[in-house]
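J.: When I checked Swiss-Prot for this same protein, it listed these features:
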- CYS39, CYS42, HIS43: heme 1 binding site (BINDING)
- CYS68, CYS71, HIS72: heme 2 binding site (BINDING)
- CYS129, CYS132, HIS133: heme 3 binding site (BINDING)
- CYS161, CYS164, HIS165: heme 4 binding site (BINDING)
- CYS313, CYS316, HIS317: heme 5 binding site (BINDING)
- 1-6: topological domain 'Cytoplasmic' (TOPO_DOM)
- 28-366: topological domain 'Periplasmic' (TOPO_DOM)
- 7-27: transmembrane segment (TRANSMEM)
Amino acid sequence: MRGKKRIGLLFLLIAVVVGGGGLLLAQKVLHKTSDTAFCLSCHSMSKPFEEYQGTVHFSNQKGIRAECADCHIPKSGMDYLFAKLKASKDIYHEFVSGKIDSDDKFEAHRQEMAETVWKELKATDSATCRSCHSFDAMDIASQSESAQKMHNKAQKDSETCIDCHKGIAHFPPEIKMDDNAAHELESQAATSVTNGAHIYPFKTSHIGELATVNPGTDLTVVDASGKQPIVLLQGYQMQGSENTLYLAAGQRLALATLSEEGIKALTVNGEWQADEYGNQWRQASLQGALTDPALADRKPLWQYAEKLDDTYCAGCHAPIAADHYTVNAWPSIAKGMGARTSMSENELDILTRYFQYNAKDITEKQ
């Protein structure tokens with residue numbers, strides 16, 4: 001009986017030693033396969049590593065470096081184990097499928113890989129980001145004005161880091177709008193109009209030789225009998241910039257640019273009046289033949305703008321509501337952000353106008 005007990009204790013001791021040794025070995029393996037050197041042992045990781053070397057996460061004045069695991073692997077718990085298990089697919093694609101074994105293949109799958117990481121970070125409330133950064137530790141008052149606005153908004157709306165901070169350690173995917181969206185917009189142009197109807201250009205258009213009209217501008221049809229409708233354009237002139245008609249006094253949303261003939265053809269509807277900054281404004285209107293097709297409603301144009309926003313802007317940050325900024329603030333903000341995308345000049349113009357027409361100081365949203 002004693003012999004059996006001793007054998008049982010011996011087996012138990014062996015099991016404890018083997019189990020403990022196995023756990024220590026597993027921990028060692030998990031730790032070793034999480035360091036940057038191991039990540040770089042895969043050829044396909046050389047490209048993202050080069051991108052990462054040009055960022056503040058690799059080199060900065062504080063001398064603090066975020067390694068691969070700091071961003072891509074949760075620190076502990078089941079999230080850590082799941083991340084390690086899911087990483088087995090990377091080994092498969094490296095050595096078996098060859099899915100990203102060339103620069104061309106890597107670029108072809110960049111968006112897919114980026115969206116996978118963004119989704120994982122979103123699901124964990126950007127846990128790996130918050131292991132270094134936290135709102136509690138931030139001196140928000142010392143940040144730039146734009147950073148203060150966005151961080152205060154993020155706290156208020158319970159947004160997470162990855163909602164805005166995409167493409168900060170590796171190049172973001174280059175996203176392009178489907179051309180079908182633009183063709184669909186053009187197909188919705190009004191085929192016939194009636195007197196008194198409101199129509200809206202969906203691209204840069206012309207009132208004869210008098211004016212170049214911007215997308216989204218409200219035009220009233222005054223004579224629909226001819227091949228080209230005669231339209232009425234109403235707006236405001238600013239002294240010193242008489243060749244431009246704006247939406248309202250003090251609001252620099254340009255409706256149209258006038259030629260010399262257009263300026264002469266203007267009907268002035270009031271005297272010059274000063275705004276709060278001393279700029280002089282007056283109402284004016286222009287009539288002429290619209291030579292380009294237009295929409296019967298702004299809705300399709302704004303739906304197209306929202307697609308642009310979702311395609312190009314949401315890849316880097318959470319959507320910013322149009323009423324977050326004023327009509328005069330939006331152009332410089334949109335231009336600065338648009339420069340980081342592959343948006344065309346026309347696409348950026350339409351998106352900017354969508355933001356302006358729905359800005360926080362526009363009383364009646366367009």
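Even glycines carry a Cβ here, placed using N, Cα and C.
Help me see these features in their spatial surroundings.
T.: Its own atom aside, the Cβ of CYS42 (heme 1 binding site) has 15 Cβ atoms within 10 angstroms in the protein chains shown.
A C-beta separation below 8 Å, combined with a sequence spacing of at least six in one chain, links HIS72 (heme 2 binding site) to ALA83, VAL117, THR128. A helical conformation is recorded for HIS72 (heme 2 binding site) in the three-state DSSP classification.
Cβ neighbour count for CYS132 (heme 3 binding site) (all protein chains, 10 Å cutoff from its Cβ): 12.
There are 16 other CB atoms within 10 A of the CB of CYS164 (heme 4 binding site), with all protein chains counted.
Long-range Cβ neighbours of CYS316 (heme 5 binding site) (same chain, at least 6 residues apart, Cβ-Cβ under 8 Å): CYS164, LYS166, GLY167, PRO172, MET337, ARG340.
The average pLDDT computed over the topological domain 'Periplasmic' (28-366) stands at 89.
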J.: On the three-state reduction of DSSP, what should I expect for HIS165 (heme 4 binding site)?
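T.: Reduced to three states, the DSSP call for HIS165 (heme 4 binding site) is coil.
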J.: For the recorded heme 4 site, enumerate neighbouring residues of the same chain (Cβ within 8 Å of the Cβ centroid of CYS161, CYS164, HIS165, site residues themselves excluded), in sequence order.
T.: SER126, CYS129, ALA154, THR160, ILE162, ASP163, LYS166, ILE168, HIS317
J.: Would you list, in sequence order, the binding-site residues among HIS43, CYS129, HIS133, CYS161 whose CA lies within 10 Å of the CA of HIS317 (heme 5 binding site)?
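T.: Hits: CYS161.
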J.: Long-range same-chain neighbours of CYS161 (heme 4 binding site), Cβ under 8 Å, sequence gap at least 6?
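T.: Non-local contacts for CYS161 (heme 4 binding site): LEU121, SER126, CYS129, ARG130, HIS133.
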J.: Specify the secondary structure state of HIS43 (heme 1 binding site) as given by DSSP, simplified to three classes.
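T.: Reduced to three states, the DSSP call for HIS43 (heme 1 binding site) is helix.
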